[in-house]
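The transmembrane segment feature in TrEMBL is assigned to 67-91, 98-118, 158-177, 189-208, 214-232, 239-259, 359-377. Feature annotation from TrEMBL assigns domain 'Phosphatidic acid phosphatase type 2/haloperoxidase' to 95-229. What TrEMBL records for Arg121, Arg203 is substrate binding site. The active site, proton donor annotation in TrEMBL covers His156. As annotated by TrEMBL, active site, nucleophile applies to His209.
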Amino acid sequence: MQTGGGFKVVPEATASAALQLLCPVVGPGPSNALPCRFSLAAMDALYSRGVLFAEMLQTGPPWLERFWLSMTFLADPKCIFVVFFPLAYFLDRKVGVAVLWIGLVSEWLNVVAKWILFGERPFWWVYESGFSSKEKVLLRQFPVSCETGPGSPSGHCMITGAALWPIVTALTALASRHSTSRLVKLTPFLAYFLLLLAVGLSRIFILAHFPHQVLGGIVAGAALGWMLEACVPAERKLSFYLATSLALLLSAIGLYWSMVALGVDIDWSIHLATKWCLNPEWIHIETRPFSSLCRDTASVVGLGLATHSSFYTQLRHERPGWKQQAVGAGLALAALQGLNDVVQPENIVLWYGLNFLKYASFPWVVVALVPWLVRLLPLTQSRPHSK
């Protein structure tokens, strides 16, 4: 596999690891825990075509490479919590909360789906399956290639697609109020699907996903956004948020240990990512499934604490003007980026503990602290409107 600095020689590998888990015909092991739904030949053909498509994308011009990398960065599920949530919240509070809520629920569902579906990732499959010894392919890994979770469905497409749905519907409603043109009304949805298409291609480009995983993520994300938009809680009791956070955590842990009890090596993808990643420094703990679960459960707790904060209750009936919105969005983005850049400890227990505290603080900063601070600034003292 080629990178900017040369080639890495890798030995010939055996058949697909995930399919070994799924298909008893491969041999003994934990495969009997799950039914074999697809033949090895059919799945290998699907994966092979996906690898060839990724190779075609990687032969594009250098400027296109920068574009793909920027798209995969923009659609990182972390950006839902750090970028899209604060921006949406200071434009419209209801939409902002919907972005956060749908984002965390869809991320939890994505983790569960990946544990069940056992999707391969191209950057390891091309060697683990022996494909590289049969076909001459020129592929590159990138620092963002080596994700450690299973690959199906694409989290970048599914989570981003679901979380951005409230923004798209809000923009569509706004366009409908100001224009009778069908094209203008459809523009937000056209931009939405073009964005998801670009994100999907970027994930194929960096060898993080196969095309069918991307397609599944786009469809699942749009469907979840549509279904969950009507299920966003509006200022529920604190006990609701605490119970929801605990339910998300315990149900995921229960599924994890149930699969382990059935004999499934649920950490198989971590082993393969570590084995075939070109640079060990590209393996990050934040790409592990439990890192996502930590982020989701913490965000639920943080949202509950924020909506029950005295800062929030003082301002809940005020509607800030555009100056307050602009300053608030800027302060929130800066604050969340600063918190996000805090160096994490190497100890895994401390890492998860600090990660939980960080993501629990994000909703409180956006929903409670920053609006209260903005209200005190002399440059934004034009009187807010009451709702």
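Start at 1 and count along the chain as shown; that gives each residue its number.
Heads up, the Cβ atoms here are built off N, Cα and C, so glycines get one too.
Here Arg203 (substrate binding site) is positioned 6 angstrom away from His209 (active site, nucleophile), judged by their C-alpha atoms. Residue counts for the domain 'Phosphatidic acid phosphatase type 2/haloperoxidase' (95-229) by DSSP state, with H, G and I taken as helix and E and B as strand, are 100 helix, 1 strand, 34 coil.
Taking the Cβ of Arg203 (substrate binding site) as reference, residues of its chain lying under 8 Å away and at least six apart in sequence are, in sequence order, Thr72, Ser154, His156, Cys157, His209, Gln213, Val214. In the predicted model, the domain 'Phosphatidic acid phosphatase type 2/haloperoxidase' (95-229) has a mean pLDDT of 95. In the shown protein chains, 33 other C-beta atoms lie within 10 A of the C-beta of His209 (active site, nucleophile). Arg121 (substrate binding site): 27 other CB atoms within 10 A of its CB, across all protein chains. The 10 Å shell around the Cβ of His156 (active site, proton donor) contains 29 further Cβ atoms across the protein chains shown.
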